[in-house]
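As structure tokens, the structure follows; a few thoughts come after it.
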Amino acid sequence: MAMGICEPDEVIYATVMNGLSKRDHTEKTLSLLRLMEQGNTKPDIFIYTIVVDALCKDRNLDGAISLLNEMKQKGIPPDIVTYNSLIDGLCKFGQWEKVRILFSEMMNLNIYTDVRTFTILTDGLCKEGKVEDAEEVMRQMVRKGVEPNIIIYTAIMDGYCLHGELDRARRVMMQLR
């Protein structure tokens, strides 16, 4: 590529950025995004989401939120995958107010939660000891017509077990039958 043979396309950029991200080279991933923005091949939602996810995994949640806002300013609307990456990062670090703000934003943009969103929330709440809140998320999920998966039930049972509430864990288990 340095020889001028061809310019990398989105697939090549995505492959390299994904690899860098998996090896915890977040700064290099971000630098490649900035390089891409200056070239002929412009980043799309998929590319930005790779970088948002990398920033979240690197605990740079403010950077991830800034990149989300930058995307919107550039006319690149985030999708459910982008929001799920951010929500996952925020949940892992107990930033529940920011999760709530993102949820409101998603609803305002008509980006609807999916089973992955609910799984992220339920797991995060249970790990924070907010098991009853997690059960409320599961009830909301059912009201919205999204079927809870085994991961959600397992997270709730695990949350109750961790807090010594074995009867409640058993009650959730019985719902699986």
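Note: Cβ is positioned from N, Cα and C throughout, glycine not excepted.
Per-residue confidence over the repeat 'PPR' (9-43) averages 95 (mean pLDDT, predicted model). TrEMBL lists 9-43 (among others) with the feature repeat 'PPR'.
The repeat 'PPR' annotation in TrEMBL covers 44-78 (among others). Within the chain, the repeat 'PPR' (44-78) has long-range Cβ neighbours (under 8 A, six or more residues past its boundaries) at 10, 13-14, 17-18, 20-21, 24, 26, 29-30, 33, 36, 85-86, 88-90, 93, 95, 98, 109, 111.
Here TrEMBL flags 79-113 (among others) as repeat 'PPR'. Counting only same-chain residues 6+ beyond the ends of the repeat 'PPR' (79-113), those with a CB under 8 A from a CB of the stretch are 45, 48-49, 52-53, 55-57, 59, 61, 64-65, 68, 71, 120-121, 123-125, 128, 141, 144, 146.
Per TrEMBL, the feature repeat 'PPR' maps to 114-148 (among others). Residues 80, 83-84, 87-88, 91-92, 94, 96, 99, 155-156, 158-160, 162-163, 165, 168, 172 of the same chain lie 6+ residues outside the repeat 'PPR' (114-148) yet bring a C-beta within less than 8 angstroms of a C-beta in it.
What TrEMBL records for 149-177 (among others) is repeat 'PPR'. Note on the repeat 'PPR' (149-177): residues 115, 118-119, 122-123, 125-127, 129, 131, 134-135, 138, 141 of its chain, located 6 or more positions outside it, place their CB under 8 angstroms from a CB of the stretch.
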